[in-house]
Amino acid sequence: MAKLNFGGVEEEVVTREEFPLEKAREVLSTETIAVIGYGVQGPGQSLNMRDNGFNVIVGQRKGGKSWDKAVADGWVPGETLFDIEEALAKGTIICYLLSDAAQIELWPTVKKHLTAGKSLYFSHGFGVTYKDQTGIVPPADVDVYLVAPKGSGTSLRRLFVEGKGLNSSFAVFQDATGKAREKCIAMGIGVGSGYLFETDFYREVTSDLTGERGTLMGAIQGIFAAQYEVLRSNGHTPSEAFNETVEELTQSLMPLVAENGMDWMYANCSTTAQRGALDWWKPFRDATKPVFEQLYNSVKSGEQATISITRNSQPDYRVKLEAELAELRESEMWQAGTTVRGLRPERN
Ligand SMILES: NC(=O)C1=CN([C@@H]2O[C@H](COP(=O)(O)OP(=O)(O)OC[C@H]3O[C@@H](n4cnc5c(N)ncnc54)[C@H](O)[C@@H]3O)[C@@H](O)[C@H]2O)C=CC1
Ligand SMILES: CC(=O)[C@](C)(O)C(=O)O
Ligand SMILES: [Mg+2]
Ligand SMILES: [Mg+2]
């Protein structure tokens, strides 16, 4: 592992140079990797592993959208695509990539197929960490580890195809064979990770749940909405409000942040903008920090897991979810966004 300095703190990371694809293939050469679930992570991880030359099969409920997508992606029924129980029986590394709530329901079936020496692989620390709520307690004689790509399965695949990679965290929860760590890292390389940083199941799930509820998804929409509403109520048009809230951020400024950091983005804006942004970021931090504290405590106590599980297991959850997504989509701000995006020169 390479020791690197992250802002003054030394951490160890696994890079592709020190754990090349060849080595990953060697470590997993006798394994049958069964990817269970073909939603968002399932396709990204299984296709990357297939293209990387691993022995991969997919297990998915027959019929339905995900099954058809798997067939369209080149998985062959009866050869590399099976119903879930068949894939569980054939697999020696079981990649449990159903939604976290669905993992609870299928657990008794999965457990039955976890014979000694097999591996149970997750992409989230959820099921194991919140075992009091999920009932997921792996048998003692299997390896249990996770690789959690830090991004959507869609990006994992897109970046892989472009020859890039997302970074992932990895963690070993249980090492029954003495080889769990090596297998875990090999899986991380196989699914297309850029570099791998080590964590444990608890830290993975608590940071992940905080991030997606916070700056990655929840907080950002909240801040967008607040600014948009203030601009609109002060007489600005939808296009002006959208451009100054979202479009400029995603098209111009965030790519600069991604490239070289916040100070560099600031340095490439006007002195007027810099002055204002430097004066205002701390008040925004101070205003939102209590909400982040509240969020973290709610994650830590298990309350967010409870909400996720109970809401996701309601029979009409999909319908309600669609209505909530429609509320976002049909809001004036995101409707204005559809029109603004349509005007991007490259879309014509
Ligand atoms: N969505 C993402 O990009 C990311 C997901 N993860 C983690 O990866 C894991 C998989 O997540 P997603 O790919 O988002 O899952 P998902 O919500 O897309 O569902 C995956 C599959 O589960 C199947 N499924 C749902 N309920 C089922 C049931 N009762 N019985 C059998 N199959 C059922 C669906 O057909 C679907 O193919 C989770 O642990 C998640 O936290 C980690 C990083 C990012
Ligand atoms: C994409 C990702 O890493 C998330 C936001 O944590 C998730 O989809 O659960
Ligand atoms: Mg995440
Ligand atoms: Mg997540």
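The first residue you see is number 1, and the count goes up from there.
Glycine residues also receive a Cβ, built from the backbone N, Cα and C atoms like all the rest.
Annotation comment: TrEMBL describes 9-199 as domain 'KARI N-terminal Rossmann'. Under the heading domain 'KARI C-terminal knotted', TrEMBL lists 200-347. Annotation source TrEMBL lists Mg(2+) 1 binding site at Asp208, Glu212. TrEMBL lists Asp208, Glu244, Glu248 with the feature Mg(2+) 2 binding site. Per TrEMBL, substrate binding site is recorded for Ser270.
Known features from TrEMBL, placed on the structure.
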| residue | record | Cβ contacts under 8 Å, 6 or more apart |
| --- | --- | --- |
| Asp208 | Mg(2+) 1 binding site | His124, Gly125, Ala148 |
| Glu212 | Mg(2+) 1 binding site | Gly218 |
| Glu244 | Mg(2+) 2 binding site | Gln227, Leu231, His236 |
| Glu248 | Mg(2+) 2 binding site | none |
| Ser270 | substrate binding site | none |
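For the domain 'KARI N-terminal Rossmann' (9-199), the predicted model reports an average pLDDT of 97.
Proximity of the binding-site residues Asp208, Glu244, Glu248, Ser270 to ligand 3, judged by a Cβ distance under 6 angstroms to any of its atoms, singles out Asp208 in sequence order. Mapped onto DSSP helix, strand and coil, the domain 'KARI C-terminal knotted' (200-347) counts 125 helix, 0 strand, 23 coil. For ligand 2, the nearby binding-site residues are Asp208, Glu212; that is, of Asp208, Glu212, Glu244, Glu248, Ser270, these have a C-beta under 6 Å from one of its atoms. Residues from the binding-site residues list (Asp208, Glu212, Glu248) with a C-beta closer than 6 Å to any atom of ligand 4: Asp208, Glu212.
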